[in-house]
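Before any comments, here is the structure.
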Amino acid sequence: MRKILLVGNPNVGKSVIFSRLTGVYVIASNYPGTTVEYTKGYMHLGDEKIEIIDVPGTYSLDPTSKAEEVAVKMITETEGILIDIIDATNLERNLNLALQLIKLKRPMIIVLNLWDEAGHIGIEIDKNRLELILGIPVVSTCGITGEGIRELVKRIPEAKVSDFEYEKDERWGKIGEIVTKVQKVRHRHHTFLERLGDATIHPLTGIPIAILILLLIFFIIRRIGEGLISYLFDPIFENLWAPLISSLSRSIGPSIFHDILIGKLIEGRIDFVESLGLLTTGLYVPIAMVLPYVFAFYLVLSILEDSGYLPRLGVLVDTIMHRFGIHGLAIVPMLLGLGCNVPGALATRVLETRRERFIAATMMAIAVPCMAQIAMIFGLVGRYGPKALFFVFFSLFVVWLILGILLKTLIRGESPEIFVEIPPYRLPYLKAILTKVEMRIISFLFEAVPWVLIGVIIVNILYVSGVISFLGTILAPLITGLLGLPPEAVAALIIGFLRKDVAVGMLSPLGLSESQLIVASVVLTMYFPCAATFTILLRELGIRDMCRSALIMIITALTIGTILNLIFTVF
Amino acid sequence: MTLTELKPGDEGIVMGISGGRGMMRKLESLGIRIGVKIKKISSQLMGGPVIVQVGNTRVAIGYGMAHRILIRPVG
C-alpha cells in the first residue's frame, strides 16, 4: 500500500488536515507539540487505498526533543509521499524544513495552510510562482473549514521529486531569495487579540490574569459538574434506574448473581456508592459521579488549548518550574494530567531531556489527581465542606512543590531552558471544540467504564475469598499504625491500582472521620498510578526509571500520609 | 548588548550567538540567526524567559539563552 506522510513544523495544523483526509479524528490544539505520537489513517484515491500518517511536528531534520526525534525517524525511515504542511503566516521559517525535505529527493507536495489567517494579517503568497521555483505542487488550504482539501486530494497524484538544487550552507540565503520573490506583506495595525495577548505575557498583568483564569476554571468546572449531577444524572439514577434495579433485586433474590449485579443492600435499599454491584456502583460511579466533571474539565481545557493560552501560561510559570529542574512548558503535562494521567504522561514528551521527563512524570503521577478521582473526592470529602476539600488539594500542592525541589537535587542530568514558539491567539472554533470534547468523552467512556466494571468484580472476589481481610491484618501496622486508617481501607488501596475513582468510592462504607477521609484521599492520589497510567509511564520512562519513580511514589505517600495523620492526631 | 538588556518594545539585529552548535541549531530552527532583525516583546521577573518576535513568529527564550544572544539595537 502506498503511504503519505504529513510532515511540517509544530502547530501548523497537520492533525486537522489529517482528520480532513482520513475522517479519523485526532486531538488538535493551538500549541506546538500537541501531537507527540504518530497516528495512521486511510483515504481512498480512486480505487486505491492509501495510508496516511500524521507525523509529530519538527522544525528541522536535526531533532532537538523526543517528539522531534520520533518525527525525524519516521520521515527518514518510512517510504512514501511527503506532504509538507506550511504555516502560510510564517513562510520563511517553514521553508527551512521544506528545503531540508527537498534534499531527501522524495515525491513531495507543499500545502500552505492557515491561508485565510495569512490573508487577514496582510500576507500574500504567489503560490504559482512558488510551485515554479520548487518544481512541486503547491496547494493552499484552511484546515479548520476544509477549504482547499479537495484540491489537495486532486493533486496528490502529481507529487514529484523537486529539482531545486542548493548548497547546504546557503540554505537561509536561498530561503530569503524565495520569500522575496513570492511573498508580499501589507503593513497593518495590531489587532485587539494581539494587544490582549501582550497583556497576558507581561508579568505585571499576566500573573493576575493567570490566577483569575485558573480560579475561573475551577469555579466553572465545579458549577457545571455539580449542576449536571444534581439536575440531570442524580434524578435519572434515583427516579428511573433505582426502581428498575429494585424490582430486579427482588426478582433475583439473595444469591451470588445478586451480589455481583446489584451488590449489598444498605439498610434494605440500594446505595449507588456503597452497594458495589455492576449495575449499581459500577455504572453510577463512572457515569453519574465522574462523567459530569470529566465533561466540564474537557470543555474548559479544550477552549484553553485552542485559544493558544497554554504556552503563555508556560512562560509565566517558567521561573517556578526552574526550581524543579524542568521548564515552563511542563505545565502542559500537569494540566492534561488533571484530566487523565495517561495523556499527561504522554505530554511529557514536550520536554527535551530524560531528566526533565522523569521529574515531570513523577511529579504528575504523584501529586496531580485525575478528574475521575477529583470528582470522587468532591463527592465524598465535599460533604464536610470546602475546608476539607481545601485541605486535600492544598496538601497535594505542597507535596508537588517540595517533591519538585527534591527531585531537582536528586536527579542528575541536563535541563535545558524553555525555548518555544508562542502561537497567536485564535478564537476557538466551536465545532472543533465540540468534536474534541465528544472524542475525549467517548474515549473516557470506552476506557474507564470497563475498568470500573472489572474493578467492581475484583472487589467482590477479593471480599468473598477473604483476601481483603487477610491483607488487612498483615498490613494493619502500616495502614492503621502509620496512616490511622481502618484495616479495611486496604481494599481501596488494592483497587486504586486499577481505578482511582472506584478506590475513593470504596472509602464511603468504611465510616471514616473527616480527617481519615482527607488522609486516605491524599494517599490514594500519591501511592501509585492506576493501571492505565502505569502502562504508559513504563513505556515512556523505561523499566529502570519506572522502578525508581514507583519507589519515590510509595515513600512519598507513606511519609505524607503519616505526617497528615500526626497533624490530625495532635490538633 | 545582550537580548536580556534590550528594552521591551525595542528592535535589534542579532550580531552574535555565544553558544555551541546545538544552541545555534535550536535558535535557527525558529528563525533566530545572525543578521536577523528581532523585536523584544516582553521579559519576566526574576530571570524568566524573554519573548521576541521574529518575522511573524513569537518565541519564548529562556533567560540564560537570551543572555548569550548579542544584539545591536536599531531605530
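Just so you know, glycine gets a Cβ as well, placed from its N, Cα and C.
Annotated domain 'FeoB-type G' per TrEMBL: A:1-162, in sequence order. The transmembrane segment annotation in TrEMBL covers A:201-221, A:283-304, A:324-346, A:358-382, A:388-407, A:452-471, A:478-498, A:518-538, A:550-568.
When each of A:452-471, A:478-498, A:550-568 is scored by its Cβ pairs under 8 Å to the transmembrane segment (A:388-407), the top-ranked stretch turns out to be A:550-568. Most Cβ pairs under 8 A with the transmembrane segment (A:283-304) among the ranges A:201-221, A:358-382, A:452-471, A:518-538 are made by A:358-382. Put simply, of A:201-221, A:452-471, A:518-538, the stretch with the most CB pairs closer than 8 A to the transmembrane segment (A:478-498) is A:518-538.
Between the transmembrane segment (A:358-382) and the transmembrane segment (A:518-538) there are at least 3 Cβ pairs closer than 8 Å, counting only pairs 6 or more residues apart in sequence, which means the two stretches are in contact. Long-range Cβ contacts of the transmembrane segment (A:324-346) within its own chain (Cβ-Cβ under 8 Å, at least 6 residues beyond either end) map to 31, 33, 36-37, 294, 297-298, 301, 304, 310-311, 313-318, 355-356, 359-361, 363-365, 368-372, 374, 404-405, 407-408, 411, 415-418, 420, 440, 444, 529-530, 532-533, 536-537, 540. Within its own chain, the transmembrane segment (A:201-221) has Cβ neighbours under 8 Å at 293, 296-297, 300, 304, 309, 312-313, 315-317, 422, counting only residues six or more beyond its boundaries.
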